[in-house]
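See structure below.
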Amino acid sequence: MPSYRSRISTHGRNMAGARSLWRATGMKESDFGKPIIAIANSFTQFVPGHVHLKDLGQLVAQQIVASGGIAKEFNTIAIDDGIAMGHDGMLYSLPSREIIADSVEYMINAHCADALVCISNCDKITPGMLMASLRLNIPTIFVSGGPMEAGKIKWKDQDLTVDLVDAMVAAAAENNSEEEVAEMERAACPTCGSCSGMFTANSMNCLTEALGLSLPGNGSMLATHADRQMLFEEAGRQIVTLVKRYYEKGDETVLPRSIASRKAFENAMTVDISMGGSTNTVLHLLAAAQEGEVDFTMTEIDRLSRRVPVLCKVAPAVANVHMEDVHRAGGIMGLLGELDAVGLIDTSAYTVHAKTMKEALCRWDVKRTNEPKTHEFYRAAPGGISTQTAFSQSRRYDSLDLDREKGIIRDKEHAYSQDGGLAVLYGNLAKDGCIVKTAGVDQSILTFKGPARIFESQDSAVSAILNDTIQSGDIVLIRYEGPRGGPGMQEMLYPTSYLKSKGLGKVCALITDGRFSGGTSGLSIGHVSPEAAEGGAIALVEEGDIIEIDIPNRTIHMLVEDDELMHRRVKMEAKGKAAWQPTEKRKRKVSKALKAYAAMTTSAAKGAVRNI
């Protein structure tokens with residue numbers, strides 16, 4: 001039987017000093033011996049997805065205490081990728097994932113906590129906490145802040161639901177007036193919560209649900225809705241139940257590595273592919289798998305992408321569909337139900353709320369149950385009022401969206417496509433693979449051939465697009481933006497948004513060893529591995545080289561003879577210290593912290609985790 005970790009610091013004569021300090025935090029004599037459960041909060045006033053989290057840790061804590069535990073809350077950092085984007089701030093985004101994972105590990109192990117509740121929400125925070133939970137392997141439950149409501153606007157005589165990306169595209173389009181742009185900007189992000197489309201934050205929160213590490217509704221219930229309070233309260237109660245099952249009954253099935261097993265990772269990736277989630281999820285799931293010592297690689301993702309259909313499309317893949325619509329259709333449990341109906345989910349996987357995923361689906365899939373409370377839960381609707389306050393409204397739809405033919409979630413027979421929403425491409429340009437979000441690619445450009453336009457920074461590519469030097473048929477290639485080369489693997493939302501605003505979204509492609517925001521759509525191929533800075537072939541592409549992309553056959557090639565590529569490689573190596581670096585020095589301040597990250601990071605094909 002495992003011993004409570006906390007007793008290292010709460011029991012024994014030699015821990016008198018530690019107990020004195022525990023008492024100074026408010027612990028009483030009767031508290032020593034109770035499980036100490038850490039609450040990792042990520043509240044910050046910098047990020048709309050986290051601005052409402054300040055008091056939610058104590059909401060969880062109250063339930064932990066009422067259930068017989070001791071709750072101790074701490075905070076970690078959170079970066080807003082949207083605010084950090086378009087300047088050197090984005091260099092810090094991906095590296096912050098490792099800082100978050102480390103900070104959670106440090107706090108848990110330094111204070112010998114018995115269990116963990118992770119209050120996350122946005123892009124790197126959920127992945128960082130997920131990595132930490134798999135390192136630590138103590139009972140853990142995730143509960144996120146939830147998605148924001150979509151913006152509602154009557155714009156140019158059209159009634160639209162909009163988000164951050166719509167504001168960016170509107171601003172870049174020269175035919176829109178200043179007032180029209182300002183109107184869109186004011187409407188795009190009306191409430192607290194993670195951006196309303198299937199961007200990275202919402203994708204990852206949906207995937208913790210698919211992994212079995214969070215409660216039903218975690219990925220889709222709006223941040224503003226009163227029902228989300230139930231998730232926080234239940235997380236507090238349920239973590240104590242998991243603690244007792246592990247420490248008092250020796251039940252290892254409640255541990256993160258038992259729940260997030262290989263079959264759970266396959267379930268999560270299957271969900272991701274079926275809903276056209278952010279390509280960043282590939283990066284983060286690969287990283288989490290490494291932390292949990294799960295054999296889950298790009299090979300498995302490639303295999304799954306060939307057999308999983310697209311059952312759900314959400315902004316930015318389609319207009320006017322947001323997370324609130326997914327929730328009305330049954331959320332992630334509804335999507336899991338449709339995938340299970342055609343044998344694509346392993347329902348023997350464990351969860352934090354039911355013994356198996358099969359049991360969970362019987363209760364929470366709206367197509368399988370007539371339980372009134374479940375149906376009421378998924379009828380939670382947006383309030384339509386601008387607010388930064390959690391649980392501030394309780395509006396409900398009159399009915400659920402149970403249409404599996406033309407509704408938000410479809411069955412396999414009526415899928416958007418029988419091929420998955422994410423694809424792994426291989427070829428002489430990406431020996432170790434690269435990723436494309438096929439759910440966001442127009443059918444007319446699933447195969448594409450064009451000349452490479454070479455840029456060695458995101459900034460130079462943006463300038464070229466805005467100055468109209470990119471033409472229909474071009475392939476914008478941005479290199480030296482990978483984990484090591486950036487460093488930090490910047491997101492390329494601005495180049496893709498500007499291509500879209502220039503009317504080039506369906507007639508151009510973009511290839512990079514950097515990554516893309518979950519808000520990206522179009523023929524945008526990222527995570528090219530190996531990256532330019534580690535000797536990848538992307539560094540050898542020259543202006544005008546023809547590149548051929550074939551998504552149906554999962555290939556990406558530059559049409560250059562092998563002998564010529566070898567000649568270019570020898571020529572590059574002859575540069576010595578200047579090899580595998582941008583031709584011209586970039587105006588970019590790389591701090592010691594970023595240099596340390598670059599020195600230890602691995603390629604995107606390995607999740608950009610550190611190699612130590």
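Cβ coordinates are placed from backbone N, Cα and C, and glycine is handled just like the others.
Under the heading Mg(2+) binding site, Swiss-Prot lists Asp81, Asp123, Lys124, Glu491. With a 10 A radius on its CB, Asp81 (Mg(2+) binding site) counts 28 other CB atoms from all the protein chains.
Positions annotated as [2Fe-2S] cluster binding site by Swiss-Prot, on the basis of sequence analysis: Cys122, Cys195. Cys195 ([2Fe-2S] cluster binding site) carries neither a helix nor a strand DSSP state and counts as coil. Shown in sequence order, Pro48, Gly49, Gly82, Pro147, Met148, Asp163, Leu164, Cys189, Ala201, Asn202, Gly518, Gly519 are the residues of the chain, 6+ apart in sequence, with a C-beta less than 8 angstroms from the C-beta of Cys195 ([2Fe-2S] cluster binding site).
Remark: Lys124 (Mg(2+) binding site) has Ala78, Ile79, Asp81, Ser93, Leu94, Ser96, Arg97, Ile100 as non-local neighbours, by Cβ distance under 8 Å and separation of at least 6 in sequence. Mapped onto three states, the DSSP output places Lys124 (Mg(2+) binding site) in coil. The annotation N6-carboxylysine is assigned in Swiss-Prot to Lys124 on the grounds of sequence analysis.
Annotation source Swiss-Prot lists active site, proton acceptor at Ser517, citing sequence analysis. Classification of Ser517 (active site, proton acceptor) by DSSP places it in coil, neither helical nor stranded.
Using Ser517 (active site, proton acceptor) as the reference Cα, a 10 A cut-off selects Asp123, Glu491 from the binding-site residues Cys122, Asp123, Glu491. DSSP gives Glu491 (Mg(2+) binding site) a strand state. Within 8 A of the CB centroid of the Mg(2+) site residues Asp81, Asp123, Lys124, Glu491, the other residues of that chain are Ile79, Ala84, Met90, Ser93, Leu94, Cys122, Thr200, Ala201, Asn280, Ser517. Rounded to the nearest whole angstrom, the C-alpha distance between Glu491 (Mg(2+) binding site) and Cys122 ([2Fe-2S] cluster binding site) is 15.
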